[in-house]
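Chemist: Supplied in C-alpha cells, the structure appears directly below.
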Amino acid sequence: MASYFHVVDVISADVPPSNSYYVRLRFNGQTRRTSIKENVALWNERFCFDMRENEDASSELTLEAANKDHVNGRLLLKLFIVAGTDKIILQSNKGRDRGLNDIYNFMLENKDQYDEDNSVEQPPPPVVLWRPDAVPTKINPDFEPGRVIEKMRYLFVRVIKARMLPDMDANGSLDPYVEVKFGPRNKGLTRHLVRNKNPEWNETFAFPFRNKNMPSVDVVVNDKDLVKDDFVGMVQFDLKDIPYRSPDDVPLEPSWYPLLGLDRRKLAKAKLLLAIWIGSQADEAFRHVWEPSYRPKMYDNPNLWCLRVTIVEARHVTVGNKEDDEDEDEASSFTYSDNDTDPDIDNDDIDKDDIDIYREVFCKARLGYQIQKTGAAKEQVMTNAGSTIYDWRWQEDIVFVAAEPFFECELKLIVIIASRGKDDIIGKLTVPLSSIVKRGESGHFDTVPGKWYDLKSPAALQLDGFMDNGNDSSIGTRIYLQTFLDGGYNIVSGSEGYIDDTRPADKTLWSLPIGRVHLGILRITGLPDGSTMNPYCVAKYGDMWVRSRIIVDCSEYVFNEQHTWSVYDIATVLTVGIFDYCPQNNGMHDEIGKVRIHLSSLETDRIYAHSYPLIVANPDGIMKAGELQLAVKLTSESPINMLRMYAQPTLPKMHYTHPLTVMDQDKLRHQAARVMALRLGRVEPPLRSEVVAYMCNAEGGYNRWSMRKSKANFYRLMQVAAPFITLLDGLRTVRSWKNPGVTLLAHVVFLLCLWLHELLPRMVLLCVALKALWNYRFRPTRPPYVDDHLSLLSSVLQDELNEEFDTVESTHWDLVRMRYDRLRSLGSMVQASLGDVASAVEKIHLLVTWRDPRATAIFQLLTVMAALLVYVVPIKVLVGVAGFYIMRHPRFRRKTPPIANFFSRLPSRHGSLL
C-alpha cells in the first residue's frame, strides 16, 4: 500500500536582514527544521511529513520563522492533502512530451471545460467536502460491562387498566386514554377506548433517564373529545420514590393508585393500575415499548440456491405442413407488418413457399419475476413426411436464483416458434421446485441425469402471464431437460468487494464459526437543522438483517442497540445504512447514508467506537448528511482456526472447480437482490424494496460511468508504481554524482552485496520484515472509511457529478458534445501511449525477423559475443562491471549512449498504420 506524504517547500521569508534565521515546521506530531542562514532568509529546502495515522492526528501545519534568540513569526496553515507520490511521479516524468505524463497531467487538471463552449450554460460550483468533515472521530462512551452500548437508565411506566372512572359525557360515559409526562420532551399516549369506564390498555412506555434532578412523573387520564379533551384524573410520582430494578430482579408487580383531581383530592373509587420503575435496556419490558411497526426487528436472510436448467432438445415439434403454408390466409399470419421490415430483405421478394426459412424455435423460462430466453435452435431434422415435424436442439444452460422454501415457486417453460410476423407457442411446461433434486459439491450438471417432459397444449395461453384455460392435453411434443438446485455456490446479492457471507447455500457444507461480531448502534448526530426526520438503521451481515427502532418526533436520535452475528470468514463486510421513515411520501423511505466496516481490519477483543460521517454524493455536490456513532467488537472463538482460514479459499469449492461466467455472476447478483427484496418485503413489518436495493448497492449506481472514479482508479495505479519510481529516482541521483558521498556509499553497498551475494535474498526478506515492524507504530487506529483524498471529494467538478448521476438516456444533450470532446482528448493520449508501448515491443520482436538486415546482423553478432563472454567470465565479475559502468561519473558518459541510438533506429510497424 502506498504511503501518503505531505510535501512542503520552504523558499524564503520576509524578515529583517542581518540575522541568522531558520524555519521550524510541525505537523502530525513530527518536527522538521531548516538549516540556519546567515543574514539572508533564503532556504529552498523540501520536507516530507508522514500522513499515516499517529497519536496527534492534527490537520494543521505550523511554520515558525525564528533566529537563535526568539520566534519572529508564526504561521498556521490549514492542510490540503497532497499525495507525495504525485510529486514524485510528476518529477520523474518531466521532460517527456507525451505519454503517461500527459495522461497524468490531464487527470490532475482542474480547469473547468465549460470555457471551451460558450453556448453551454455554466453551472454553479459544486459543494465540496473538506477533510475534517470526512474523517471518523473517536468517541469514548461509557459502555455497559461486557456490551458495546452505553449505560443508560430508562424510566418504565406500564399502564394496565383503570376502574370505576367518573362520568364525563352527557350520555353517562367517557372515552378514556392515558397520557404519561416525564419532562418537557418525554410524553406517551395510550389508545383511547370508546365508552368504557373500566378500560384496559396494557401498554408500556420507556423514557431516557439521564438526570436525577428532572421533574416528577405525571400519569394523566383524559377523556377523548371532538374539540378539547377533558381532564379526568392523575397520579403523580416523585423520582426518589420510584424503585430501581436490575435485569436479574423479579418483575415488579403493578399496584392500584387512586386518581387525583385538579384540586389534588382523591376521586371517589376511581383507580389506575400501573407499574413504574427505573431500569435499563436489558429489561424484558424494553422490547414492548414501541408499536410493532417501530420496534426493532430481525430478519432472516433467505438462503439462495442456484437453479440450473439445461435445455437439451425437443422432439416431434409440429410447425404445419406444406399445403397449409401455401394457403394465402395461413401464410399471411407469418408475414411481417409494416413496422417489422428488415433493412436487408425486401418483403415483396419473399416467397410464401419459403416462409419456413425465417422460422426460429426458442424457449423461454420463468421463475417468479426472473425470465430467461435461449437462443435459436441449432439443428433441425425432418422426421415425418406427412407433416413438417422437426427435432430442435439447444444444449443451453440457464441459471436462476431460488430462495428457500422451494414450495412457493414453480419453474415455467414454453417453447415458441418465431416467424417474421408472429410468435407461435408450441407448448408449455410447469415444474415445481420441490420436485427438483438438490446437489451440493458432490455433483454437477455434467453428471445429472436428464428427464423427458411432455409439453402441454398452448390453447388460450397468455405469454406474459403464463396462464391457460385449463386445457392441459398433451400434444405429443417432448422436451429433454436437466434441472437441479445447486447448493455449492454462494449467491452474492451485493456489489463485488462488499461480500458479507462466503458460505455455500447447502447448509451441510457449512463450517463452524470462527468468531462473533458485536455491533452497537449508538446515535445519529449532525442531521440538518430544522429537519423533521424519523430515522432508523438497517444492518446487514451474514444470514441476518437487523432493523433498529424508528425514532419518531424526537430531538435526539439515540438508538443504543446491540446486535451480534456469527462470523465464518473475516474477509467480509458489515454494512449499516440509515434511512428516513416517511409515511407521507408515498411510503418511500429515503436513504441518509451508509457505513461499511471490513472485519479483516479489526483487532480481536478490541472495541472500535467512532463517529462515522455520512458522505452523500448527488448532482449538487459532495456533502455530509450527519454522523453515525457505532461501536464494533470482533471476538474470536478459536484463534488457530482464524489464522488457518487465511490459507483456505475465499469462496466455496464450486466457484473454482466449475466457475460461473462473468455474465452469469452479474445476472445472478441482480436477481438475488430482487429475490431478497421480495422475501424481506413479505415479513411484517416489511423491509422495503428501496432499502434492500440501497443496502445491496443494486440500484445500478456502482458500475455506472464516473470520471471521478476513473481518476481515482488512475491515482491508485500511480501509487502502486510509486515505490519503483522512487527507486529509479534514487538510482538517477546516484548516477548524477550531485552528492558524491551518497554515490560513494552506494558503491560500497554494491560491493558488499556483490561479495555477500549468498546473503542477499535473506537480507531482502529481513528488510521487508523490519519495514513492516517499523510501520507498526503507524498502524491504523480505526476501521477503513470513505477516504476523501482517494475518492477526490474535495476536487470534484460540477460537470463530473452531473455526468456521474445522469441517466442512461442523457437529459443534458447540450453537455454531451463537450463530454465527448473531453473523452476524445483523453482517448488520444491513451492511444499515443499504447502506440509508444507497442512500437517499443515491436522493435524488440523485429530484431530477429530481418526486417532491418543490418540491425539484425549486428544483434546476432552481439548476442554471440555476449554468450562467449558469459561462458568465459564469471557472473560475479560481469555483474560488478555492469554496476560500476552504470554508476560511472557523468564525464565518462554520453548523453546519447550507443544502445539507445541503436534501439531508436530499429524499425516498427508504426509506419504500416493508415
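Heads up, the Cβ atoms here are built off N, Cα and C, so glycines get one too.
What TrEMBL says about a protein is an automatic prediction, not a curated fact.
From TrEMBL, for reference:
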type	residues	note
DOMAIN	135-252	domain 'C2'
REGION	320-349	region 'Disordered'
COMPBIAS	339-349	compositional bias 'Acidic residues'
DOMAIN	495-612	domain 'C2'
TRANSMEM	857-886	transmembrane segment
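Thinking about packing and proximity, how do these listed features fit into the structure?
Modeler: Note on the domain 'C2' (135-252): mean pLDDT across this stretch is 85.
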Chemist: Report, as numbers and ranges, every residue of the chain located at least six residues beyond the transmembrane segment (857-886) whose Cβ falls under 8 Å of a Cβ in that stretch; write 'none' if there are none.
Modeler: 735, 747, 750-751, 754, 757, 847-848, 902
Chemist: When secondary structure is assigned with DSSP, how many helix, strand and coil residues does the domain 'C2' (495-612) contain?
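Modeler: Across the domain 'C2' (495-612), the residues distribute as 6 helix, 57 strand, 55 coil.
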Chemist: According to DSSP, how is the domain 'C2' (135-252) divided among helix, strand and coil residues?
Modeler: 3 helix, 52 strand, 63 coil
